[in-house]
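Peer 1: Reproduced below are the annotations present in TrEMBL:
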{"type": "DOMAIN", "residues": "35-61", "note": "domain 'C3H1-type'"}
{"type": "ZN_FING", "residues": "35-61", "note": "zinc finger"}
{"type": "DOMAIN", "residues": "62-89", "note": "domain 'C3H1-type'"}
{"type": "ZN_FING", "residues": "62-89", "note": "zinc finger"}
{"type": "DOMAIN", "residues": "90-117", "note": "domain 'C3H1-type'"}
{"type": "ZN_FING", "residues": "90-117", "note": "zinc finger"}
{"type": "DOMAIN", "residues": "118-145", "note": "domain 'C3H1-type'"}
{"type": "ZN_FING", "residues": "118-145", "note": "zinc finger"}
{"type": "DOMAIN", "residues": "147-169", "note": "domain 'C3H1-type'"}
{"type": "ZN_FING", "residues": "147-169", "note": "zinc finger"}
Amino acid sequence: MQDLIAGVEKITFQLETDVLEQRGTVLLPFQGMDKSGAAVCEFFIKGYCRYGLMCPFRHVTGEKTVVCKHWLRGLCKKGDQCEFLHEYDMTKMPECFFYSKFGECSNKECPFLHIDPASKIKDCPWYDRGFCKHGPACKHRHTRRVMCVNYLAGFCPEGPKCKFVQPQFIPRGCKTSLFSLATFWCRAACRSPREQQLILVECSAHLSRSPVLSVETKAITLINAAKVELPAS
């Protein structure tokens with residue numbers, strides 16, 4: 001009777017459209033943040049997400065790695081469009097809710113995965129960048145790292161196998177040329193506006209002490225600096 005009097009099948013609320021088109025989403029402050037609890041990006045599935053690595057939603061790619069928990073009960077309505085696996089595979093079963101929530105499971109023949117909660121804690125991206133406002137109450141792991149003294153001096157013989165942290169002064173994923181690398185380092189070291197105008201000439205001393213650039217990179221960059229026309233004083 002209610003459907004006959006006031007049916008709402010053809011009514012679309014503005015909220016539904018906003019959720020479908022992901023309006024009002026805020027970009028991530030930086031790349032590499034934890035998005036395990038976020039929803040799946042609808043635009044990435046269609047192949048045209050404009051936010052890229054800064055998108056706050058999960059970008060699901062590649063093989064389906066987790067069995068659909070609704071499919072196990074025969075209740076999945078997505079069919080082939082489901083982003084989870086519709087196949088009974090013991091190695092790809094979802095996580096056991098009771099073990100993850102309470103730390104124990106009374107079912108001795110539980111088909112779901114029992115994962116140690118401590119192993120799931122990820123490193124805090126804010127703490128790795130220098131400061132986390134949550135402090136000890138942060139849900140992520142705060143790992144204290146010691147910087148490599150040899151790397152800061154210019155060269156570390158251990159390379160990527162070094163047990164200490166080798167800080168990256170250039171953001172990862174940036175497609176920068178040798179000229180822009182030198183510009184980035186000199187702008188960080190110089191202070192006055194006049195020095196910033198003469199970046200690649202007057203700041204060659206800063207460039208020579210840069211731990212970011214190799215010897216070959218420094219030489220090529222200084223050659224490019226000789227071709228730059230200086231602004232009028």
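Yeah, the Cβs are placed from backbone N, Cα and C, and that goes for glycine too.
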Peer 1: What is the number of residues in the zinc finger (147-169) that are helix, strand and coil, as DSSP sees it?
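Peer 2: When I sort the residues of the zinc finger (147-169) into the three classes, I find 8 helix, 2 strand, 13 coil.
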Peer 1: For the domain 'C3H1-type' (90-117), how many residues does DSSP put in helix, in strand and in coil?
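Peer 2: Looking at the domain 'C3H1-type' (90-117) with DSSP, the answer is 10 helix, 2 strand, 16 coil.
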